[in-house]
């Protein structure tokens, strides 16, 4: 190659090296975590909720996901697969940012954080860490809460099993929320928002440990009855109703006297009746009269005589032909 009046190719022109992996813009990643819903990718709007892993969601997006877990595709299951119901979420009490946005910003791409810390008015934009209290949902910057509480908050909550072993220290570790006054434990009730991966793993382990300590859900009444029927076990009978309260003795005596008077009047009335009238009021359980020849089987004899009168001409015709 070469010496033909053309260009001489170099090695870098002939050998293609493996392209470098694209590196995501860290600034855009931070912006997406703090300005947009982790599930729907829409801008955060109140009410905003957070899960035990510290991710931020719009309330309506999570509700839509729980109604239909396929609505956001496979990514939705990866992001919110650990959420079982709305009880796993906490509604956050956020302080809106009152500073005006620039003219170049829009609703879809805001340039100012929508929320701030109520203690030091620092914007919740990912520059500094923010935390929320599990008991009340109030959100503060980590530095602001440390300044007010006097002790640094923990990055990840401890498992409930560890917390039970420190029952003697619980009363000493209780603090009051600087915004609403609710009590919280600074060792277990402070959760970091949008934590780094290593802290998120610790928070996930604490969440799973807490769920293991939860009591198992009992079966419903219908399922219990179906299971008992399948096993041939009779379901337990309901408790008998409590005895009715007794009436007053004076009222009972008066009612008995009235009943006796009515019985006497009825006896006098029946004594004055004739035998024909008495027969109309005879009880069904009393002795019955024996049927006589004139009354015995009257309906049967009439029906037989009627049917025989219809069959006689036909029988006569048959005998004539015979």
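Please read every residue number as a count from 1 along the shown chain.
Glycine is treated like the rest: Cβ placed from N, Cα and C.
All TrEMBL annotations are machine predictions without curation.
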* May I ask you to indicate which of 149-172, 173-196, 269-292 is given in TrEMBL as region 'Disordered'? => 149-172
* Structure fact -> When TrEMBL is consulted, the range among 1-23, 24-46 described as region 'Disordered' turns out to be 1-23
* The annotated region 'Disordered' range in TrEMBL, which must be one of 96-125, 216-245 -> 216-245
* Which residue counts does DSSP give the compositional bias 'Basic and acidic residues' (9-23) for helix, strand and coil? -> 4 helix, 0 strand, 11 coil
